Amino acid sequence: MTDLPTDLTRATAADLADALASKTISSVEVTQAHLDRIAAVDGQVHSYLHVDTDGALAQARAVDERRQAGESLGALAGVPIAVKDVMTTKGVPTTCGSRILEGWIPPYDATVVTKLREAGLPILGKTNMDEFAMGSSTEHSAYGPSHNPWDLDRIPGGSGGGSSSVLASFQAPLATGTDTGGSIRQPAAVTATVGTKPTYGGVSRYGLVALASSLDQAGPCGRTVLDTALLHAVMGGHDPMDSTSIDAPVPPVVEAARAADVRGMRIGVVKELGGEGYQPGVRARFDESVALLEELGAEVVEVSCPNFGYALAAYYLILPSEASSNLAKFDAMRYGLRVLPEGVDAPSAEQVMAATRDAGFGDEVKRRIILGTYALSSGYYDAYYGSAQKVRALIAQDFDAAFGRVDVLVSPTAPTTAFKLGDKLEDPMAMYLNDIATIPANLAGVPGMSIPSGLADEDGLPAGIQILAPATKDERLYSVGAALEKALVDRWGGPILDRAPELGVAAAAKGA
Ligand code: GLN
């Protein structure tokens with residue numbers, strides 16, 4: 001067994017799980033170490049919207065007692081986790097990054113959360129995100145952005161920037177995410193962490209605040225490929241509460257991560273995802289990773305997916321259309337915020353609704369509701385939504401053709417490294433372009449993963465490589481991801497995240 005570092009927050013989830021299983025450490029110790037770390041650094045990073053100190057320690061005590069009593073426990077029992085605030089947590093605030101849900105305490109757990117609880121993972125708290133998962137930077141969070149631990153003036157990605165920054169600042173060994181167009185993978189890429197968007201339907205959507213139901217997929221976030229696989233195995237599987245959930249066992253992701261073997265695999269480099277518009281340092285790290293995969297025994301070919309160029313346009317019609325419908329439920333009547341219009345004596349329900357939605361939704365959410373409502377309106381439906389659905393079918397066909405030739409596809413995850421907070425806030429198109437490489441997978445429902453590929457020469461910031469596999473073949477992501485991760489650890493003389501600057505713990509404590 002690997003020796004644990006003295007600072008438990010630096011350990012991998014896999015090593016913590018081993019030490020917990022052998023009773024070398026307790027879950028209360030591990031959980032407390034993370035709560036201390038949160039108290040010391042989250043003032044600077046702002047990864048959490050809510051820290052559940054008492055709840056986490058109570059769950060840790062409970063799992064320690066079960067272990068002492070000799071119960072057989074799951075692989076990650078006792079390892080604490082951070083949960084993206086898009087997932088409902090019974091008795092624990094869930095805002096989805098929005099004012100409209102401020103103060104709402106869900107009466108039930110999302111299925112993913114139920115699975116985490118049953119598997120004995122203490123929930124440290126809820127992580128920050130762009131409002132209703134719309135964004136690539138967390139700057140659309142109604143509660144202020146999270147910061148990238150590599151450079152606090154930069155974005156940690158989005159919408160799941162709370163979860164990525166939690167991992168990169170060692171405030172939790174594991175986190176959950178959701179990925180509608182890249183919100184697990186892009187945050188992973190810009191923080192040198194790992195994230196997987198499973199096959200659509202591979203993880204239950206029950207209890208996730210819906211953004212675009214045909215694209216949304218929950219998935220695991222970690223610092224290593226194996227940790228991410230262990231969490232994937234806990235989160236995944238059939239759920240009768242979600243009619244789109246796949247009725248089949250979770251693919252053998254942990255076995256694949258442990259085997260870390262690409263020998264004989266055919267890997268396709270997507271011609272359309274790279275080149276112009278991609279930062280030179282991101283491209284250089286990508287090319288180097290592809291060369292490493294070849295050295296490891298994979299066969300690499302170039303593959304063309306001609307319709308990927310239309311993915312972004314199709315996505316920004318389909319997503320707003322579905323979002324405008326999903327967000328109609330925030331009507332000031334059922335739950336959440338209720339604002340009465342000023343100067344109206346006996347306001348109608350419609351006036352209360354309008355005042356509430358005006359006050360409760362941020363600009364990006366309003367922009368997308370307007371866009372979606374327009375695209376779905378009669379007379380425009382066929383021209384916009386209908387055309388976008390046709391493009392979606394063509395993108396799925398591109399994937400089918402590609403996977404007829406290769407086992408997995410690879411590309412850079414995001415076109416650039418982390419940009420400065422504020423840089424793209426006034427320019428929605430520039431913000432949307434972050435997801436140019438991640439969106440095709442959501443449109444087709446195929447699984448994707450991002451792992452760190454190294455640091456870009458021009459700015460010293462992390463870049464990511466994306467791996468894509470055919471639907472239900474999620475284990476291939478882990479075979480390739482784990483093999484490449486090993487080679488890259490050799491190449492960089494250790495995990496890339498080890499090169500991140502230390503956060504000023506003392507300064508934070510003083511400022512707090
Ligand atoms: N950044 C993309 C968007 O703004 C993706 C969001 C997501 O995956 N939730 O829609």
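Glycine is treated like the rest: Cβ placed from N, Cα and C.
Residues annotated as active site, charge relay system in TrEMBL: Lys84, Ser159. Summarising the annotation, TrEMBL assigns active site, acyl-ester intermediate to Ser183. TrEMBL lists 29-477 with the feature domain 'Amidase'. Per TrEMBL, the feature region 'Disordered' maps to 137-166.
Distribution of TrEMBL features across the structure.
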| residue | record | DSSP class |
| --- | --- | --- |
| Lys84 | active site, charge relay system | strand |
| Ser159 | active site, charge relay system | coil |
| Ser183 | active site, acyl-ester intermediate | coil |
Residue numbers, six or more beyond the limits of the region 'Disordered' (137-166), whose CB comes under 8 Å of its CB atoms: 44-49, 82, 84-86, 95, 97-99, 102, 126-131, 172, 175-180, 183-184, 186-193, 195, 221, 362-365, 414, 418-422, 424-425, 431, 434, 461-462, 500-501, 503
In sequence order, those active-site residues of Lys84, Ser159, Ser183 whose CB lies under 6 Å from ligand 1: Ser159, Ser183
Protein Cβ atoms within 10 Å of Lys84 (active site, charge relay system), excluding its own: 31
Lys84 (active site, charge relay system) to the residue listed as 'active site, acyl-ester intermediate' - Cα separation in whole Å: 11
Surrounding CB atoms that lie within 10 Å of the CB of the residue listed as 'active site, acyl-ester intermediate', all protein chains: 35
